[in-house]
Amino acid sequence: MQRAALFSGGDARMAAGDLGELLVPYMPTIRVPKSGDRVYKTECAFSYDSPDSEGGVYVCMNTFLGFGREHIERHYRKTGQCVYLHLKRHVIEKVPGASGGALPKRRNAKLFLDLETNGDLNSDDFEYEDEAKLVIFPDHYEISLPNIEELPALVTIACDALLSAKSPYRKQEPDSWEEELQASKHAKTLVQLDNGVRIPPSGWKCSKCDLRENLWLNLTDGSVLCGKWFFDGSGGNGHAMEHYKETGYPLAVKLGTITPDGADVYSFDEEEPVLDPHIAKHLAHFGIDMLQMQVTENGLRDNDIKPRVSEWEVIQEAGVKLKPMYGPGYTGMKNLGNSCYLNAVMQAIFSIPEFQRAYVGNLPRIFDYSPLDPTQDFNTQMAKLGHGLLSGQYSKPPMKSELIEQVMKEEHKPQHNGISPRMFKAFISKGHPEFSSNRQQDAQEFFLHLINLVERNPVGSENPSDVFRFLVEERTQCCQSRKVRYTERVDYIMQLPVAMEAATNKDELIAYELKRREAEAARRPPPELVRAKIPFSACLQAFSEPNNVEDFWSSALQAKSAGVKTSRFASFPEYLVVQIKKFTFGLDWIPKKLDVSIDMPDFLDINHLRARGLQPGEEELPDIAPPIVIPDDPKDEIRLLYFRRSFLVALDIDEPSVMQLAEMGFPLEACRKAVYYTGNLGAEVAFNWIIAHMEEPDFAEPLVIPAFGEVTSSGAAVFGAVGLDNQPPEEIVAIIISMGFQRNLAIQALKATNNNLERAMEWIFSHPELEEENEPALDMMDMENNANANIVAETGSEGPRIKDGSGRYELFGFISHMGTSTMSGHYVCHLKKEGRWVIYNDLRVCASERPPKDLGYIYFYHRIPS
């Protein structure tokens, strides 16, 4: 069949009957968008092509997914879908009038609305003309719209609904989170008990369990209790809700969210977040002064005036003419509203070769094996983002004529540069209570959230996140018996404390503070800011010093005692991420940032922090677990049980893994069950078990330990037994499914390996052809190993995969934060590329002239080859 173009006017026009006949074979595949359907007409699912791009966007009339010119054929081949709506936006320069100004021109009516306009274009000089047409594959027949009289009614209705559909991200992007909240009906009449409760600014713990995260303060009686479970494993044991059911006290505030601007308040009775107009009074009842920072005459808080402005100027290199950078690796990212934390982290991530190879290097295969809805696939979205940042396709320098025009008229900026990561943010933050909001977030927390997703969605036999993983050896010593215990845990970030006491300019700081207080009392402008200058060596020394262990239970004394813990590196990662712990709470309950200058080195040697293990003359603490409180009957009577690992022949639980999971906030018994049912394969595998089982009613119930006579020998592995009817145990099947594999593939692998989890995973990796048949969520591709690293985790070995090597590093990037706390402010990223520093400030990418390496928040180092 000959390729043709069918327009609504001219010689190429078809009769109405011909058009209807042409579309008849495809009518069953054409759908009308319904309420709840997401229409992706502003962005390609595999790239950042949009209607503004040269090729426009093709929207599938069945799935409502959008595709750029480069990817439309892939979707057609994969699905057989033939009818697409092609959308193209044209930017047209207005015709100048006789007086030299722009002459108003009659514009075509917009055919598809709810598209962003390009803010870089001067609206006085340019206008938009939108074009839409139906395209039928594989012969590329085109039918221009509107063509109402000639098209079947179903097609006309479908096209009209698609063109008028709202953005799929609109529900996720309210203009203001606070505006959606309503004042609680209990706020005005809330009764607060005069029980003398006073809440300290830190050190909180649930009064009914040992959790120290996701804690809520009941505004009636001052009880501090943990919240509910979230889908990703964060949260608590639901004690705050239980307390409400017992007492009827309706309002609680989340500890850690209290600022002078407000706090997160939840109403158990109304079952939703609410506003409390009297929150300051309610908090003051428990000794919390949230409004201590006074407001000045110009409407700015003390911390918002000139001292903080200077920080913004220094980090963003304001006042210096910076040269814009273009091309591969120099693509900016649009700020979607407090999304600069995401932009900064992803720029740093995709400057690392291992991530580039894993996602961009394997991009064709990732796209080919992506699910039918690529917007909901992690690896597809990572590959898309990586390609958008590294291809240079969305970072093109202006033409010579444009450069001349920019010189003549500075307000005209380069067109269509940078990418808008809406689809990526919508997916990666889905279901997360913080990252799915439009509020500012902590870049360090987002980095760990991203690594968690990378771990759970491997792109090959080796995860790119392996380059960050390292082992920490923790030496815990009982101060009374002097006995020690050595344990190891996995980490991804080196958290460096700020040694304020080691400031080298203490006299200047004292003088500045006196002047600041005098200016505040006299209501004069504050003096020029003086930052504390902290030697990096002092911060490193503070990291290596012993820390007191709260609630330490000594197995030597079988009682609580004083204990100290020292941390060392059991392995050094390929890439070392260093976080400066700048954020804290003051005694006045105000979250604050330590505004310090630290002389971060370009070259770092931490080989002296290498772990040494048990030393001659040291005596180990007995391997006895602390007492565990286990419910004995429905009356909640309790009994204390002491478990000795030497007697638990059948159980043989890896206690360090249990403790590592418990430190994340999971119930202790759930952690023990997770480690037990995953065969002591480490905390990471046990974490997947927890995610898969946290909704079960007996999730936190005590582990039922088999009697000694029920196990034939100490070597009988939990995963070595055969289930009923020769079916693998459901616990192991659930673990493999939680990693993204299909159920039938998991059962097949377990049957082939006598229900051994580790061998089953190896079997899956060695049979990719079966994986393809089962539509896997993982694409098994070999990744290139770094020749300078030794992968410590061979086939058949237990424990996490780590890359060990020398502890000598070179700085290649850092993320900086401006503002008073992680809940506000702005992030930018500096990266060293091609021998020079580059600043990534959302869409703006420029050569850096004065990289503020002393004011960073998160630093990225790579290992120096030995």
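Heads up, the Cβ atoms here are built off N, Cα and C, so glycines get one too.
Per TrEMBL, the features are as follows:
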- CYS340: active site, nucleophile (ACT_SITE)
- HIS826: active site, proton acceptor (ACT_SITE)
- CYS206, CYS209, CYS226, HIS239: Zn(2+) binding site (BINDING)
- 182-290: domain 'UBP-type' (DOMAIN)
- 331-864: domain 'USP' (DOMAIN)
- 652-693: domain 'UBA' (DOMAIN)
- 727-767: domain 'UBA' (DOMAIN)
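Taking only the Cα positions, the spacing between HIS239 (Zn(2+) binding site) and the residue listed as 'active site, proton acceptor' is 35 angstrom. Neighbour counts of Cβ atoms within 10 Å were compared across the recorded positions CYS206, CYS209, CYS226, CYS340; the minimum falls on CYS209.
Within 8 A of the CB centroid of the Zn(2+) site residues CYS206, CYS209, CYS226, HIS239, the other residues of that chain are SER207, LYS208, ASP210, LEU211, LEU215, LEU225, GLY236, ASN237, GLY238, ALA240. A distance of 32 Å separates the Cα atom of CYS206 (Zn(2+) binding site) from that of HIS826 (active site, proton acceptor).
Sequence-distant neighbours of the residue listed as 'active site, proton acceptor': residues of the same chain at least 6 apart with a C-beta under 8 Å from its C-beta are TRP312, CYS340, HIS817, MET818, GLY819. Counting Cβ atoms from all protein chains shown, HIS239 (Zn(2+) binding site) has 21 others lying within 10 Å of its own Cβ. DSSP assignment over the domain 'UBP-type' (182-290) gives 15 helix, 23 strand, 71 coil.
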